[in-house]
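Marked as disulfide bond by TrEMBL: Cys36-Cys100, Cys49-Cys110, Cys80-Cys90. Taken from TrEMBL, the feature domain 'SRCR' applies to 12-111.
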Amino acid sequence: MTVMLDWYLVNVRLVGGHSRCAGRVEVLHRGQGTVCEHFWDMVDAAVVCRELDCGEPVDVLGDAHFGSGSGPIWLSTVMCTGSEFTLKNCGSAGWGKPVCDHRQDVGVICSGE
């Protein structure tokens, strides 16, 4: 089942990379949390890169490539169509319903710096 997220104040950031445009994907929802790599692809990455004004996606890296996060895994089974301006507009399994653990935190590399 896909749930469209009803977010009001949500931020996304990339942590642990070589620039603000590369790193582990984290979202703000009652504190920072990570995103599971389950079903994550370049379309989802494109939405994150666009939201951060970081250009186009270059790569998607799973298996906690940028290190394991701590705290909650807020999102999993994220399914963007590519037309969304923010990650909050993408479908997902809903808040705090992970299908993975922090060993599968997803990372993104965008073309910007």
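The backbone N, Cα and C atoms fix where each Cβ goes, glycine too.
All TrEMBL annotations are machine predictions without curation.
Features as recorded by TrEMBL, highlighted on the structure.
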| residue | record | DSSP (3 states) |
| --- | --- | --- |
| Cys36 | disulfide bond | strand |
| Cys49 | disulfide bond | helix |
| Cys80 | disulfide bond | coil |
| Cys90 | disulfide bond | coil |
| Cys100 | disulfide bond | coil |
| Cys110 | disulfide bond | strand |
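For the disulfide-bonded residues Cys36, Cys80, Cys90, counting C-beta atoms within 10 A of each C-beta gives the highest total at Cys36. Cα spacing between Cys110 (disulfide bond) and Cys80 (disulfide bond): 17 Å, rounded to the nearest whole number. Long-range C-beta contacts of Cys49 (disulfide bond), restricted to its own chain and to partners at least six residues apart, with a cutoff below 8 Å, comprise Cys21, Gly55, Glu56, Pro57, Val108, Cys110, Ser111, Gly112.
The two recorded residues, Cys90 (disulfide bond) and Cys100 (disulfide bond), show a Cα separation of 19 Å. Between the CA atoms of Cys36 (disulfide bond) and Cys80 (disulfide bond) there is a gap of 14 Å, rounded to the nearest whole number.
By the criterion of other Cβ atoms within 10 Å of the residue's own Cβ, the least surrounded of the disulfide-bonded residues Cys100, Cys110 is Cys100.
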